[in-house]
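Right, one structure below, let's go through it.
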Amino acid sequence: MKFWGSVLALSFVVFLFLTGTLAQNVGSIVTSDLFDQMLKNRNDARCFAVRFYTYDAFIAAANSFPGFGTTGDDTARKKEIAAFFGQTSHETTGGTLSPDGPYAGGYCFLREGNQMGNGYYGRGPIQLTGQSNYDLAGKAIEQDLVNNPDLVATDATVSFKTAIWFWMTPQGNKPSCHDVITGRWTPSAADTSANRVPGYGVITNIINGGIECGKGQNARVEDRIGYYRRNVSIMNVAPGDNLDCYNQRNFAEV
């Protein structure tokens, strides 16, 4: 019985490995050097977030969310990381300050419009916005962000955790960004009717579709795609199809 028990246990581990569900450390995909390469100018002295977004804070936050950057095969994991940093680099911007081109300049800003005080304005990599999101994110990461929203701009690990929480969490009729980029989202009939198809473009729709999607070609969507293309090039993976949301209705329109 011990022999067969060992065989079954080993078989289960092999199954988890082959299906990409065996827990892995995000650091095996995102090394410190890769982090610095993707976010090359985040510590430019002209950036308001200089020295805030650290590699160690990212890894600590990432490893607290099972599945983030560890789902699927090597290509799938790299695409998720490229997409996450593509979207959040657009949110935190700074491309105009970069001598290496507009898509090497993300993670320059920390607070939306460099505001101060305890309002629920955009903060951190995903620019977490609105009391509801601060409440939900805070409960998920066990921090009181309703009464202390600026923790998202003063604690780098908390800041990354709020961004990854948003990335991993479906809300209403929106799938999670994680499920979209890892190929685990199947569009509903309503999604198909709204031209919301699997790909990076739907992630833009999830994050800011009401402003950016369904309006034809526009600079903001192009910027998000530019960051993503740079990241997948660095990681040597293909970007996939359906990168924009130019012709997608946003999720609020059902």
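Our numbering is plain: 1 for the first residue shown, then up by one each step along the chain.
Using the three backbone atoms N, Cα and C, a Cβ is placed for every residue, glycine included.
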Among CYS177, CYS213, find the residue that Swiss-Prot gives as the disulfide bond partner of CYS245.
CYS213
Roughly how many angstrom lie between the C-alpha atoms of GLU91 (active site, proton donor) and CYS213 (disulfide bond)?
16
In sequence order, which residues at least six apart in the same chain have a CB under 8 Å from the CB of CYS245 (disulfide bond)?
ARG196, GLY201, VAL202, THR204, ASN205, GLY209, GLU212, CYS213, GLY214, VAL221
